[in-house]
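Database features, via TrEMBL:
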DOMAIN    10-86  domain 'Thioredoxin'
DOMAIN    104-193  domain 'Endoplasmic reticulum resident protein 29 C-terminal'
COILED    109-147  coiled coil
Amino acid sequence: MSWSNFMLLGHCKRLAKPYGEAADAFVNEPNVVLAEVECDTDGKDLCGKFSISGYPTMIFFGRNDKESKEKYSGGREVADLVNFMNEKAGTFRLPDGSLDPAAGRNEELDKLAQRFVKETEERDNILEETEKKNEELENEFVWYAKVMRMMIKKGDDYLETEPKRLEKMINSGNLSKKKIDQFKGKLLVIQAFSEKAEPQSESESESESD
């Protein structure tokens with residue numbers, strides 16, 4: 001069985017509310033779990049196994065590594081807990097559970113997206129390069145190639161029409177939270193195609209002209 005990134009809380013009434021809100025923020029993250037254990041009752045054996053003697057005690061377990069553990073000693077606000085889990089699990093959640101603007105984006109793929117918009121005659125090659133890079137990144141950024149294919153099929157107007165379509169569906173009230181996350185992730189990637197590429201430095205321009 002594949003373990004998730006896991007935070008275990010030894011019971012504490014005062015921390016229950018912010019901890020619960022932090023757990024809600026990750027409800028759409030299948031690899032992140034924040035759990036609470038009652039050390040005085042059903043969780044007595046588990047708390048004993050990990051030497052929990054004072055409350056609250058929070059312990060982080062990395063994914064696929066249930067033997068390693070790290071006691072959490074950071075802040076007790078929702079934002080503190082969410083930021084900690086984002087750092088450990090590689091997620092991009094905000095305290096309200098929505099996606100951070102950095103979600104689903106990759107700097108190298110952003111540059112390929114900008115090249116794709118600018119170098120129209122090289123689009124097939126850039127798409128192939130994007131797919132290879134995504135494989136290297138374990139297929140975590142599939143929207144880049146999908147947007148490129150749709151632009152080849154429907155034209156550059158897709159960058160204007162698709163966000164409008166997605167926003168309409170997101171605001172319809174008919175989608176699950178998981179589907180809203182998917183659509184918002186796609187919107188964030190589409191932004192990479194609309195952003196202007198950073199200007200090259202003089203040294204970079206000279207090296208290309210040599």
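Keep in mind that glycine also has a Cβ here, set from the backbone N, Cα and C atoms.
Not measured: the values here are computed from a predicted model.
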### Message
As a quick check of your reading of DSSP, tell me how many residues in the domain 'Thioredoxin' (10-86) are helical, how many are strand and how many are coil.
### Response
28 helix, 19 strand, 30 coil
### Task
Work out, from DSSP, the number of helix, strand and coil residues along the domain 'Endoplasmic reticulum resident protein 29 C-terminal' (104-193).
71 helix, 0 strand, 19 coil
